[in-house]
Structures are given as C-alpha cells and as structure tokens.
Amino acid sequence: MADATDGDTRVSLLLRAVRPYGEGDPVDIAVRDGVIVAIGAGLDVEADEVVDGAGGVVLPGFVDLHTHLREPGREDTETIETGSAAAALGGYTAVFAMANTDPVADTAVLTDHVWARGQQVGLVDVHPVGAITVGLGGERLAELGAMADGVAGVRMFSDDGKCVHDPLLMRRALEYARGLDVLIAQHAEEPRLTVGAIAHEGPQASRLGLAGWPRSAEESIVARDAILARDAGARVHICHASTSGTVELLRWAKAQGIAITAEVTPHHLLLDDSRLQTYDPVNKVNPPLRESSDCAALRAALAEGVIDCVATDHAPHAAQDKCCEFAVARPGMLGLQTALSVVVATMVAPADGGAPGLDWRGVARVMSERPAQIVGLPDQGRPVDVGEPATLTVVDPDASWTVRADDLASIAENSPFDGMTLPARVTATVLRGRITAFDGKVRPL
Ligand SMILES: NC(=O)N[C@@H](CC(=O)O)C(=O)O
Ligand SMILES: [Zn+2]
Ligand SMILES: [Zn+2]
C-alpha cells in the first residue's frame with residue numbers, strides 16, 4: 001500500500017473499490033486536501049465522505065479542448081452552469097470554452113468573465129479560449145497578449161466556427177503565439193471550397209442532392225498550417241480532424257518534427273455520411289460526417305497517436321435553429337455526456353467487432369493526459385498515484401445505457417446519439433478531492 005497519510009488517519013474522501021486504469025484488483029483511494037494520500041486494498045481510515053466505486057475503472061479526470069458553452073449570447077441553448085453539469089456528468093474536470101460566443105471572446109474582459117463564471121459554478125475548470133481575430137472576422141489579430149495576461153491566463157486561441165483562412169494573418173498569429181507560448185487551434189476549412197456546402201462531398205451527398213464539403217477544404221488548410229507552424233517555430237493544433245487525408249498530413253508533419261497536434265470528435269469516430277439519408281439535421285455538423293473509410297482511418301490514427309486526443313466539439317443548438325430544413329439548420333452536435341461511451345464503443349470494445357484500438361490506459365491518454373499536455377495544464381491529466389491531485393473519473397465499464405437527449409443536462413437536445421444504446425458509463429467525477437458528479441447527479445458547490 002502506498003501511503004502518505006503520515007500516520008494521521010482522517011481523510012476527506014475515501015473512494016472505495018476502484019481499479020486504476022482498469023488494472024489489478026479493486027483498491028481504495030484516500031484523499032486529503034484535494035491530494036491522493038493513500039492507495040491500497042481495504043484502507044483503514046476515517047473519512048468525511050465515503051464513495052463506493054463498485055469496482056469501476058478510475059482514470060484521471062477528462063479534459064475537453066473543444067467545448068461550446070454558448071455563454072454569453074445564447075444562454076437559451078446552454079450556459080456555463082448547464083454545460084459544466086453536462087461536462088461533470090460526462091467525466092470531465094476541465095473544458096476549453098470556444099470563443100464563438102456573442103459577444104465574441106476576443107478581449108480579456110470576456111475571457112476573464114467566462115473564467116470567473118466557471119469558477120463560480122465550480123463543477124469543472126472552464127478555461128476560456130480566446131479568439132485569434134477580432135470578432136472572428138479573420139482580418140485583425142485580437143489582443144492575444146492581454147487575454148493571456150488576464151486573470152483567466154488564456155493559453156489557447158481559436159476562431160473555431162471559422163477558419164483563419166488568410167495565410168499572412170495565420171502566419172502572424174503563429175509568430176505571436178510563439179512569443180507568448182500559447183497554442184493556436186485551427187478550424188481547418190478553406191471557405192472558398194465550402195461555399196454553400198452542407199454535407200460531405202461524396203456519393204451520399206450527390207445522391208441526396210446536398211452541396212458537398214470536400215475533404216480538400218480541410219486538408220489544404222492542415223497542410224498549409226503545418227508548414228506555417230514549421231516556419232514560425234510555433235505549435236499548431238488542428239480542431240476536429242475528419243478525413244483520412246488529414247491523418248496522412250499529420251503523419252507527414254509529425255515525421256518532419258513539426259509541432260502539430262490534432263483532436264478527433266466522438267461523432268467523427270462513430271458516425272458516417274450514411275446518416276444523411278434521413279435528412280435529419282441532427283446529423284449536420286462542421287466538418288461534416290465523412291465516409292466509413294474516414295472513420296476507420298481516424299480510429300486507427302487515434303490508436304496510433306497520429307491523432308493526439310479526443311475533443312467533443314459539444315455544440316448546443318436551439319430547436320428552432322436545428323429542427324428545420326437541412327440546408328438552413330445550424331451545424332453541430334452535443335457531445336459532453338456521451339463522449340466516454342462513444343470512445344468505448346469505437347475504440348475499447350468496438351461495437352462492430354473490430355480489434356480494440358485502446359485499452360483503459362489509452363483512454364486516459366486520449367481523454368485526459370494528452371489534452372492536458374497539449375495545452376499545458378499542470379494539474380490535470382496527472383497519474384492516478386499518491387501525491388497527485390485527486391482529479392479523477394470513475395467508469396462502470398460493464399454498464400449500458402440508452403441516450404435520451406431530453407434527459408441530458410444540456411438545455412439543447414441536439415444529440416445524434418439520441419435513442420442509441422451505448423456501452424460504459426461515468427459513475428463519479430472528482431475535482432481536486434470534491435465529488436462533482438455521482439450516480440448521474442451533479443453536486444453543485
Ligand atoms: N461544429 C459545428 O458544426 N459547429 C460549432 C462550430 C465549429 O466547431 O465549427 C458550433 O459552434 O456550433
Ligand atoms: Zn470548428
Ligand atoms: Zn467547435
């Protein structure tokens with residue numbers, strides 16, 4: 001038994017019968033002042049709170065690099081409070097809230113507000129992402145330095161929702177980011193190639209008469225930004241990689257030693273453009289659902305590490321903006337509460353009977369460790385070990401549940417997994433020793 005209780009037997013939390021990374025027999029985890037002080041079988045300690053882990057898998061708390069919380073501006077679809085609840089229930093202990101709010105988060109006033117609001121709610125660390133350009137207009141750099149120096153200490157910048165398509169501006173942003181040691185995250189979409197595009201440019205879209213979003217719209221920007229990052233000596237992160245071509249470009253760039261990282265969303269791992277046949281706008285998303293060959297390439301790339309991590313791109317939309325004709329509907333899908341289960345269904349215990357791409361250590365890597373490393377979070381994505389922060393997620397690997405979009409914590413209900421029965425379930429989430437979600441209920445401050 002590893003023990004740092006220095007003889008004092010009182011602890012604040014005792015997590016009973018959990019299996020770190022799904023390995024070995026169940027052990028207990030004792031926590032004091034937010035730190036793991038002992039791990040061992042049948043710990044004999046008195047605890048202010050005892051939680052039964054019921055033999056579940058315990059992992060470091062999940063970190064989402066790509067979440068849309070919609071506050072300020074569209075609090076009718078999600079707020080920092082409801083989004084934080086969805087995150088905690090989904091096993092997340094940190095999320096990065098994208099800047100495409102209204103007003104856009106392009107000044108320290110906005111990013112500091114989002115940070116403070118997230119701390120006030122206290123269910124998850126809400127890190128604001130700063131806009132790269134003023135108003136996401138793609139013309140003038142925003143005040144990256146002021147946002148980085150603000151209370152929120154912004155460490156990631158993105159115009160997500162839009163692409164920084166001007167190459168000179170992207171070059172400047174990368175050079176500036178290098179100086180500030182912050183990360184630029186690109187929504188890779190060459191807008192001249194996606195004019196009017198609403199679905200993946202492939203056989204499905206042509207058969208259904210839907211204007212296509214070619215793979216090249218993403219891949220041409222990924223290739224360009226890899227080279228710009230190389231020349232600027234800067235890091236670049238690719239949001240929601242969606243194509244097999246992007247995987248090959250990432251492989252090439254990493255082999256060149258370029259500081260490029262990428263995320264894949266749960267929906268791009270599981271869903272393909274065959275879902276377009278119903279014209280249900282819940283399946284409309286940017287970048288669009290691609291072909292099954294792309295899903296396979298993305299899963300292999302995630303297993304191999306060519307794609308670094310999973311990010312949800314949790315994108316709430318109001319019914320009036322989503323449940324309308326496909327061409328007009330807003331793109332985007334809910335993802336926070338279903339992410340772990342979709343990762344299990346595609347990577348750990350593939351529903352299609354394919355070979356597992358990840359074990360539970362792999363899940364820890366792609367949902368917690370790598371995202372935290374990419375964005376430089378010091379106290380997230382840490383090992384489940386004595387002396388480390390008690391920021392943990394407990395998963396019941398044998399559970400199975402049917403998604404009910406109207407039961408999810410988000411205000412919006414645009415989940416493409418509605419009605420699906422998915423494997424595994426988050427049973428408890430702990431943020432620095434404090435239970436933030438247990439047995440499907442959040443524990444507000
Ligand atoms: N993914 C989407 O289809 N929509 C996102 C924006 C984005 O991630 O591009 C949104 O904010 O709704
Ligand atoms: Zn995007
Ligand atoms: Zn997004």
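Every residue, even glycine, has its Cβ placed from backbone N, Cα and C.
Heads up, TrEMBL stuff is auto-annotated, nobody curated it.
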- Which one, ASP160, ASP406, ASP407, is listed by TrEMBL in the same Zn(2+) 1 site as HIS66, HIS68, ASP313? ASP160
- Since TrEMBL lists ASP160, HIS187 for Zn(2+) 2, which candidate among HIS237, HIS240, HIS267, HIS268 does it give for that site as well? HIS240
- From HIS113, HIS317, grab the residue that TrEMBL records in the same substrate site as HIS68, LEU69, ARG70, ASN100, ASN286, PRO331, GLY332. HIS317
- Message: On the three-state reduction of DSSP, what should I expect for HIS66 (Zn(2+) 1 binding site)?
- Response: strand
- Item | Of the binding-site residues listed as HIS66, HIS68, ASP160, HIS187, HIS240, the one whose CA lies nearest the CA of HIS317 (substrate binding site) | HIS68
- binding-site residues whose CB lies under 6 angstroms from ligand 1, from HIS68, ARG70, ASN100, HIS187, PRO331, GLY332: HIS68, ASN100, HIS187, PRO331, GLY332
- Anything within 10 Å of ASP160 (Zn(2+) 1 binding site)? Look among the binding-site residues LEU69, HIS187, GLY332, comparing CA atoms, and list what you find. HIS187
